[in-house]
Amino acid sequence: MRLLAQLLGLLMLWVPGSSGDIVMTQTPLSSPVTLGQPASISCRSSQSLVHSDGNTYLSWLQQRPGQPPRLLIYKISNRFSGVPDRFSGSGAGTDFTLKISRVEAEDVGVYYCMQATQFP
């Protein structure tokens with residue numbers, strides 16, 4: 001019973017939405033696109049994502065229908081291995097953008113921005 005109380009105590013140390021949490025907001029939530037045309041998604045963090053080591057740990061992930069998420073971009077603008085160069089990332093501090101220069105049919109899916117500067 002004592003162990004259970006200790007575990008519960010540890011779980012209660014992190015309260016989502018508390019002042020130290022970083023909240024990520026993406027816009028638009030959905031967007032119709034035209035094949036061959038550019039598209040972009042914006043992501044804003046509630047506080048700077050610059051880590052104490054000087055890096056900014058902002059990543060973009062793509063989840064195609066029926067598949068797990070895959071990493072597209074890491075540390076703002078670095079394309080992961082095998083990611084086409086039509087994908088690019090930019091931004092700094094709290095504001096970031098994922099751009100697709102020419103949308104292709106295989107780009108359909110859900111896109112996520114993710115920070116790894118701060119963990120609960």
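Quick reminder: no glycine exception, Cβ is built from N, Cα and C everywhere.
Taken from Swiss-Prot, the feature disulfide bond applies to CYS43-CYS113. Swiss-Prot lists 20-120 with the feature domain 'Ig-like'. What Swiss-Prot records for 21-43 is region 'Framework-1'. Annotation source Swiss-Prot lists region 'Complementarity-determining-1' at 44-59, citing similarity to another entry. The region 'Framework-2' annotation in Swiss-Prot covers 60-74. Taken from Swiss-Prot, the feature region 'Complementarity-determining-2' applies to 75-81. Under the heading region 'Framework-3', Swiss-Prot lists 82-113. The feature region 'Complementarity-determining-3' is assigned by Swiss-Prot to 114-120. Residues annotated as signal peptide in Swiss-Prot: 1-19.
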Three-state composition of the region 'Framework-3' (82-113), taking helix and strand from DSSP: 3 helix, 16 strand, 13 coil
Cβ neighbours within the same chain of CYS43 (disulfide bond) - under 8 Å, at least six residues apart: MET24, THR25, GLN26, LEU58, TRP60, GLY91, ASP95, PHE96, THR97, LEU98, CYS113
DSSP residue counts for the domain 'Ig-like' (20-120), split into helix, strand and coil: 3 helix, 44 strand, 54 coil
